[in-house]
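Feature annotations, reproduced from TrEMBL:
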DOMAIN    151-578  domain 'Anoctamin transmembrane'
TRANSMEM  160-182  transmembrane segment
TRANSMEM  194-212  transmembrane segment
TRANSMEM  265-288  transmembrane segment
TRANSMEM  308-330  transmembrane segment
TRANSMEM  351-372  transmembrane segment
TRANSMEM  384-406  transmembrane segment
TRANSMEM  454-477  transmembrane segment
TRANSMEM  544-566  transmembrane segment
Amino acid sequence: MWSRGSGSFPSSNVLHSQIMNAMENKTSTVRYPEFGHHWPGMWLSSFLISLRLFAHLTCSVLSGAGDDFLSMAECQYIIKHQLEALRAEDETHVPGYSQAKLYPGKSIIRRLQSKGILVQMFPLHDKEELKRLSFSWYRTVRLSLQPLDAIRRYFGEGQALYFGFLEYFTIALLPMAVLGVPYYLFDWENYDKYVLFAVFNLVWCTVLLEVWKRYSATLAYCWGTLSRKKAFEEPRPGFHGVLGLNPVTGRKEPVFPSVSRQLRIYLVSLPFVLLCLYLSLYVMMIYFQLEGWALSVYDEDPTLWTEVLTYIPSIVYAVVIEAVNLLYRYAAEFLTEWENHRRESSYQNHLVLKVLVFNFFNCFASLFYIAFVMQDMLLLRQSLATLLITSQVLNQLMEAFLPYWLQRRRNKKMIRKVLRRRAIEEKELPLAEQVRLEADMNTYLGTFDDYLELFLLFGYVSLFSCIYPLAAVLVVLNNITEVYSDAFKMCKLFKRPFADPAGSIGVWQLAFETISVIAVVTNCALIGMSPQVKAYFPESATQLILWTVAVEHLLLGFKFILAFLIPDVPKHIRVKLAQIEFESLEALKKKVNHLLVVFKLNRNGSEKQLIELKVRQSCLTDQQSPSDPIRPF
């Protein structure tokens, strides 16, 4: 079991020396008496620090960084990883709790939480660091960019990349917003002028995502996480199965048949998702019946009240969409957890796929129906504006104002104590009171919902830009308030989350790129359906369809060519990565050669070990030979 003493996390100098010793002796362990646990030196790279990341750090950093060798977020991630890696082997129950049975291969921490023995596990906020971060982040209104490096040091790379993407997305929307205002003020019936705006939007979507790849690669390189995904990925904490031996690592870990997982996915999860899509379609048809009834009432008696009535079905439908999305999210999480994925990346991919398919259908199916079945552009513009504005208002209420109000009610007594102590700002709260205060805070569930919100906003902007150009303006205003509200939530309303190391926004990059491809088809079809374009083909609807498809294919081809021409990683970073790769291989070759010399001199090893060393030497020589240098371009 994990035992925590009264000591603190070891300093970076101690950590550095012990890591170096562990790297010299592959069988040694790094022991921290404060935590009463052994860390095998040969597996340090599997959870945070790899040889590639060490090569990224210069000798001056290692020797002069002091306690900044690892950030607070990285220290917390190491502790969390080791806690979650604890799995039962021969134990039958938790010591002192005979009712809490343990099963081989299952996570001990998860078992303690399910039995109520371990109520919560979270890191405490550092008041001084949090105060400095708050003043440079959201407590003062300024035109400067967010302090992404400070956010990364305090919360980790995952949160820093989200806020970086939110900031980048907001700035990238400004050209669309500036062009959208005059287009919105012109006559709606003239669709010819929207052709250029739609083409600009499609090019903008491509450039936006490709430039973000380069920017995120730069951030990840500076933070040392750009190559992190290449490392071996360990089992996620929730993964369970019969305890077996991993043939790659040689360590004990749970084993779960892949066939069982596939059966759960295709026989349970997939039918459930299809059923939810059918129910969403049924709710959408009820919305259209209410919309038709409201329009008939307005046609019979066109007054102010009946005009207001025409907006009620759209507002109610938007509220229903948000509620159904929330319920489906819980069901998708349960199903994905039940599927028992071994890797965290696989778990996230399946969860994101389930949620994105349903949310896309639930939010945009009615708009596609109005656009391509009913072909009512005025109703499409009205529905798009209503859904966009209503969803933004609901998100702000649910994400910022409601949690703030609920927390003030729950913690009313504790907040009064805090307010009484504000007169002595230099004096910190006692540790016990700080723990009680933060234990009652809401738990931060990660960046999933935040990225999902940006995904839907990106869809509203890109899919129907030629119908409602003002959408970019509304999204910019929403994102500006989102930056401050999300920062306030992270610092004041939520427990401090454990760090989530990341080198990119992951599967969300693919989700945004998919939306940009669908946007090409949608905008071309909307322009082809306009009366002005139909006037050019008065006798043949087939020619109109063929010309629309041809233009759509040309724009898609241009989009893919543009994406190909813009490298995902900047040139100077590719060069540095190639240098790191070269230096790492050279260091490994020297190490292998040194071991060969020692082995031959001492002659205390077996012939099998000698052959293994020679094979490693040959592989390293073949991997990087003088006649085949690394090509970074």
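Each residue, glycine too, has its Cβ placed from N, Cα and C.
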Tertiary contacts of the transmembrane segment (351-372) (same chain, 6+ residues out, Cβ under 8 Å): 269, 273, 276-277, 280-281, 284, 287-288, 317, 321, 324-325, 328-329, 332-333, 335-336, 379-380, 383-384, 387, 391, 448, 452, 455-456, 459, 463-464, 467, 507-508, 511, 522, 525-526, 529
For the transmembrane segment (544-566), sequence-distant contacts whose Cβ falls under 8 Å of one of its Cβ atoms, 6 or more beyond its ends: 199, 202-203, 205-207, 209-211, 213-214, 516-517, 520-521, 524-525, 527-528, 533-534, 536-537
Paired segments the transmembrane segment (454-477) and the transmembrane segment (265-288) in contact, 3+ CB pairs under 8 A: no
For the transmembrane segment (194-212): best-contacting stretch of 160-182, 265-288, 308-330, by Cβ pairs under 8 Å: 160-182
Outside the transmembrane segment (308-330), six or more residues from its ends: residues with CB under 8 Å to it: 276, 280, 283-284, 287, 290-291, 294-295, 297-298, 355, 358-359, 362-363, 366, 382-383, 386-387, 390-391, 394-395, 398, 449
